[in-house]
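Reading through the structure tokens given below for one structure.
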Amino acid sequence: MDRLIRSLLMNQNKQATDKLDHPDTSETVNISSLALLKMLRHARSGIPLEVMGLMLGDFVDDYTINVTDVFAMPQSGTSVTVESVDPVYQTKHMDLLKLVGRTENVVGWYHSHPGFGCWLSSVDVNTQQSFEALHPRAVAVVVDPIQSVKGKVMLDAFRSVNPLNLQIRPLAPTAEPRQTTSNLGHLTKPSLISVVHGLGTKYYSLNVAYRMGSNEQKMLMCLNKKSWYDQLNMSTYSELEKKQEEKFKSINKLIAVFNKDIDEVKEKPIADKKGKTQEEVKKFGKINAKQQLQMITSSLLNDSLCHQLTAMINAKSMT
């Protein structure tokens, strides 16, 4: 610490210049669908507390890290931070994975920030530095299960910056602690809270990509796959009556809108081709009453017929 303070004091009088020897940051973290689902499920189960786990995968080359699987750690957390990693549990779990033919290595760790974004606290930076002591390319992934929605996952990957290599004064205003020298992927736009907590000085962000293989596609297709006996599950008559009543109310409203559209067409004279185009443009963004009526009536008939047929099949099979 004293050496760092002395070096900073000695560099105060130097002129600010750009440093062009920054390392490349085009490194990409590829997260599989299975690992992403397990991380989100684990993070949601711990709300409002933080949870953590380890990521398994391999370092493909100098610019690619593959995360194939994750497993949870039995760490108790608070709403701000989590405890350190349990080495005994980690060793036992890795030994059990090797017995079943899983030879992946630990490429980093993940933890959740429920509701307050993706960034690293001082405790998280210390935990990440302990992982980097074992492997210099270890990655810390932060996921926010509350702000994540369908089709958009709030997730980011980080790695710490060595404070001995960071010289603050000699850097010009245009210089950065880390420089991106590749157009592969994209970095997420940093939030204000992440910048306040040291993004760019204590740690930096990495590109994150999500990949899906053929086996993972089959797995995801089987998650909500229906079987033949699911069609025999019959809803109660009260539920069917309630749904039909709601559909009849919507049909009455659509009939009024449809009659209004018909009256407007009758009142207007026959327009030329240009006038028809303008009328079609005016209808954009409005409810197509005719199409909605066809959809609701067809679904109403299908539900009624399926309910009657299901009741007949169930009654016949029980006799």
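Cβ coordinates come from backbone N, Cα and C, glycine included.
Quick look at what Swiss-Prot annotates:
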type: BINDING; residues: HIS111, HIS113, ASP124; note: Zn(2+) binding site
type: DOMAIN; residues: 29-164; note: domain 'MPN'
type: MOTIF; residues: 111-124; note: motif 'JAMM motif'
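Secondary structure of the domain 'MPN' (29-164), assigned with DSSP and counted as helix (H, G, I), strand (E, B) and coil, comes to 41 helix, 46 strand, 49 coil. Its own atom aside, the Cβ of HIS111 (Zn(2+) binding site) has 24 Cβ atoms within 10 angstroms in the protein chains shown.
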